[in-house]
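**Q** Features from TrEMBL:
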| type | residues | note |
| --- | --- | --- |
| ACT_SITE | HIS72 | active site, proton acceptor |
| BINDING | ASP73, VAL76, GLY78, ASP80, SER82, GLU94 | Ca(2+) 1 binding site |
| BINDING | PRO169 | substrate binding site |
| BINDING | HIS199 | heme b binding site |
| BINDING | THR200, ASP251, ASP259 | Ca(2+) 2 binding site |
| DOMAIN | 31-330 | domain 'Plant heme peroxidase family profile' |
| SIGNAL | 1-22 | signal peptide |
| SITE | ARG68 | site 'Transition state stabilizer' |
Amino acid sequence: MAHSMGFITVLSLLAIVPLCLSGKTYGGGGYLYPQFYDHSCPKAQEIVKHFVAKAVAEDPRMAASLLRLHFHDCFVKGCDASVLLDSSGTIISEKRSNPNRDSARGFEVIDEIKAAIEKECPHTVSCADIMALAARDSTVLTGGPNWDVPLGRRDSRDASLSGSNNNIPAPNNTFQTILTKFKLQGLDIVDLVALSGSHTIGNARCTSFRQRLYNQAGNRKPDYTLDQSYAAHLRTHCPKSGGDQNLFFLDFVSPVKFDNSYFKNLLAYKGLLSSDEVLFTKNAESRELVKTYAYNQELFFQQFAKSMIKMGNISPLTGYKGEIRKYCRK
């Protein structure tokens, strides 16, 4: 009975939370709002949507890559497009960090969007805002929720390799470590579970979850929270050594469709990454949220949109802070 009441309580709380999917978002000495470019560059959002659709049509993986790029940017110094900067005389690129090296993608798509927008309205739209819009459009294109993206971010002049290495949750982090990294960004456990739902699309490399198949606790045994038939299937293409870059769907049920099957997989102990499955196995509150989203896709979509807006407002540079880069990589 207590278990049932817990589920009902979470469901009720989520149902009464106001959506607030648009309007002004304050921070960074200024504020972000969806109409920021309505007069200065009215075609900006249309241009982003066009190129994202083109990129995803050519490579379905790109939707998840663009969504992940925004996430990996915001968790390091805020949503300031620092992840796009290449190394130079004064900058060590975040692209060289452990979470990004050999896996971060989508830079060419952002370049293409930026070039088209610069042609339409020079020195007006930031790379940071382009990334936020591309993340939203990628979500919508794959069947996920839509939301009004608050805009007005400016771009940073530097990057943080150490921030990228330390702030972005890793696939083998404990639940508490992941939650702490979210809380340091002003995000809570609800945001953690909802945003993890982005793993309903995309891929992960063998090297990201190999330890679950062979040596989860350092005891040379597989992870007991991983369904054993699923583990056996994964082992066929993710051996003990070699095949590090072999790709696997994060959600094997509907890998290119943004839906709630990611959470259903967690209920069946078929979350691919350890950082996925711990949401169901290591914390009572997150477990109830996983159940809620598995049973109610609409609530997941509503919360995902809210949490994306919240994440997109991590320490934005506004007003006279930062710059509008002409080229996103430098």
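Counting starts with 1 at the first residue shown.
Positions of Cβ are set from backbone N, Cα and C atoms, glycine also.
A TrEMBL annotation is a machine prediction, not a hand-curated record.
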**Q** Just to verify a number: CA distance, GLY78 (Ca(2+) 1 binding site) to PRO169 (substrate binding site), in angstrom, no decimals.
**A** 15
**Q** Which chain-mates of the residue listed as 'heme b binding site' that are at least 6 residues away have a CB under 8 A from its CB, listed by sequence?
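**A** Result: LEU250, ASP251, TYR262, LEU272, LEU273, ASP276.
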**Q** Which value does the mean pLDDT take for the domain 'Plant heme peroxidase family profile' (31-330) in this predicted structure?
**A** 97
**Q** Name the residues of the same chain, 6+ apart in sequence, whose Cβ is under 8 Å from the Cβ of SER82 (Ca(2+) 1 binding site)?
**A** ASP73, VAL76, GLU94, SER156, ASP158, ALA159, SER160
**Q** Taking the centroid of the Cβ atoms of THR200, ASP251, ASP259 as the Ca(2+) 2 site, which other residues of that chain lie with their Cβ within 8 Å of it, listed in sequence order?
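**A** Surrounding the site, in chain order, are GLY197, HIS199, ILE201, VAL253, SER254, PRO255, LYS257, PHE258, ASN260, SER261, TYR262.
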**Q** Among the recorded positions listed here (ARG68, HIS72, ASP80, THR200, ASP259), which has the Cα closest to the Cα of the residue listed as 'substrate binding site'?
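**A** So, of the listed recorded positions, the one sitting closest to the residue listed as 'substrate binding site' is HIS72.
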**Q** Determine, using Cα-Cα distances only, which of these recorded positions is closest to ASP259 (Ca(2+) 2 binding site): ARG68, HIS72, ASP80.
**A** ARG68
**Q** Give me the count of other Cβ atoms within 10 A of the Cβ belonging to ASP259 (Ca(2+) 2 binding site).
**A** 19
**Q** By a simple count, how many Cβ atoms lie within 10 Å of the Cβ of ASP80 (Ca(2+) 1 binding site), its own Cβ left out?
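**A** Other Cβ atoms found within 10 Å: 30.
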**Q** What Cα-Cα separation, expressed in whole Å, is found between ARG68 (site 'Transition state stabilizer') and ASP80 (Ca(2+) 1 binding site)?
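**A** Distance (Cα to Cα, whole Å): 15 Å.
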**Q** Using Cβ atoms only, which residues of the same chain lie under 8 Å from THR200 (Ca(2+) 2 binding site) while being at least 6 residues apart in sequence?
**A** GLY144, LEU250, ASP251, SER254, LYS257, PHE258, ASP259, ASN260, SER261, TYR262
**Q** Counting other Cβ atoms within 10 Å of each Cβ, which of the binding-site residues VAL76, GLY78 scores lowest?
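**A** Per-residue Cβ counts within 10 Å for the binding-site residues VAL76, GLY78 bottom out at GLY78.
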**Q** Please list, in sequence order, the residues in the chain of HIS72 (active site, proton acceptor) that are at least six apart in sequence and whose C-beta is under 8 Å away from its C-beta.
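**A** For HIS72 (active site, proton acceptor), the qualifying residues are VAL83, GLU94, PRO99, ASN100, ALA104, SER164, ILE168.
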